[in-house]
Amino acid sequence: MNVELGPPEGTVEGREVAIRVAQAVLAIVAGLVAASALVPAFEWLAQALGFGANSAVGAAFVTVGNVAGFAVAGLAFLFYAGDLDILRVRRPTARDAVVVLVGSVGLIAAGYAILYAFATAGLTPSTNRALENPPSYFLLMIPLSFLTVAVGEEILFRGVVQGELRRALGPAGAIAGASLLFGLLHYLAGAGTPTQRLVYVAVAALLGVGLGAMYEYTDNLVVPVVVHGAYNATQFAVQYLSATGAV
């Protein structure tokens with residue numbers, strides 16, 4: 001399969017780049033606004049079902065509310081802009097399945113390799129605030145990583161942001177831009193010093209490059225969704241085993 005890496009028609013026009021970057025940033029802002037609006041509704045729903053605000057299920061509802069905001073805002077943005085065509089989704093093929101398998105293992109390995117590289121330099125990333133929740137939360141998040149978190153984040157960052165940037169910068173530029181913005185979002189989710197948060201941003205951005213590349217290679221958003229889900233689910237599984245003393 002031939003993958004065009006450069007911008008469309010081999011040129012980069014400043015005005016077009018500015019428009020697409022503005023659209024990408026606007027989509028992310030819309031996602032954050034939608035998330036802030038939906039989280040209280042999900043918190044209310046959890047409490048209405050009898051789950052306390054500090055319970056594992058309550059925390060899971062908050063997480064789902066956040067990514068639901070990303071998905072809703074992303075899809076609404078594309079619909080309003082008339083750009084639904086940039087969202088490339090289809091039934092996975094056997095080739096896609098191979099990419100998912102290899103990509104999942106590769107992304108998990110890359111994650112640990114990146115952390116090791118930073119550790120040798122005396123740098124550690126901040127921890128995600130979600131890891132402050134009780135162990136049963138991690139267990140719940142294993143399936144929810146596939147069903148909600150990966151879906152919401154990939155729709156917004158690979159589907160919308162990378163899709164819009166691709167129109168002006170081509171695949172390579174779109175992957176780089178979307179990955180940088182994906183990483184920067186994690187600054188807000190991190191708990192730690194500014195330096196630790198920046199390391200967390202770098203880790204997320206580098207992993208985002210892998211997810212973006214898989215999207216461009218397969219032309220199917222399902223692939224990075226599943227790979228992203230596998231990566232997150234693995235992290236939650238490890239965290240659960242660690243928190244419960246199993247490892």
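Placement of Cβ uses the backbone N, Cα and C atoms for every residue, glycine included.
Residues or ranges marked as domain 'CAAX prenyl protease 2/Lysostaphin resistance protein A-like' by TrEMBL: 137-233.
Sequence-distant contacts of the transmembrane segment (24-45) (same chain, at least 6 residues past either end, Cβ-Cβ under 8 Å): 53, 58, 61-62, 64-70, 72-74, 76-77, 156-157, 160-161, 164-165, 177-178, 181, 185. According to TrEMBL, the feature transmembrane segment maps to 24-45 (among others).
Feature annotation from TrEMBL assigns transmembrane segment to 57-81 (among others). Non-local neighbours of the transmembrane segment (57-81) in the same chain are 23, 26-27, 30-43, 45-47, 49, 51, 87, 130, 133-134, 137, 140-141, 144, 148-149, 151-153, 155-156, 159-160, 163; each lies 6+ residues outside the stretch with a CB under 8 Å from one of its CB atoms.
Taken from TrEMBL, the feature transmembrane segment applies to 93-117 (among others).
According to TrEMBL, the feature transmembrane segment maps to 137-157 (among others). Long-range contacts of the transmembrane segment (137-157) within its own chain (CB-CB distance under 8 A, at least 6 residues past either end) are made by residues 27-28, 31, 56-57, 59-60, 63-64, 66-71, 73-75, 87, 130-131, 178, 181-182, 185, 208, 211, 215, 221, 224-226, 228-230, 232-233, 236-237, 239-240, 243.
The transmembrane segment annotation in TrEMBL covers 169-189 (among others).
Taken from TrEMBL, the feature transmembrane segment covers 195-215 (among others). Residues 88, 99, 103, 106-107, 110-111, 114-115, 118, 123-126, 128, 154, 157-158, 162, 174-176, 178-180, 182-187, 189, 221, 223-224, 227-228, 231 of the same chain lie 6 or more positions beyond the ends of the transmembrane segment (195-215) yet place their CB under 8 Å from a CB of it.
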Would you mind splitting the domain 'CAAX prenyl protease 2/Lysostaphin resistance protein A-like' (137-233) into helix, strand and coil residue counts from DSSP?
90 helix, 2 strand, 5 coil
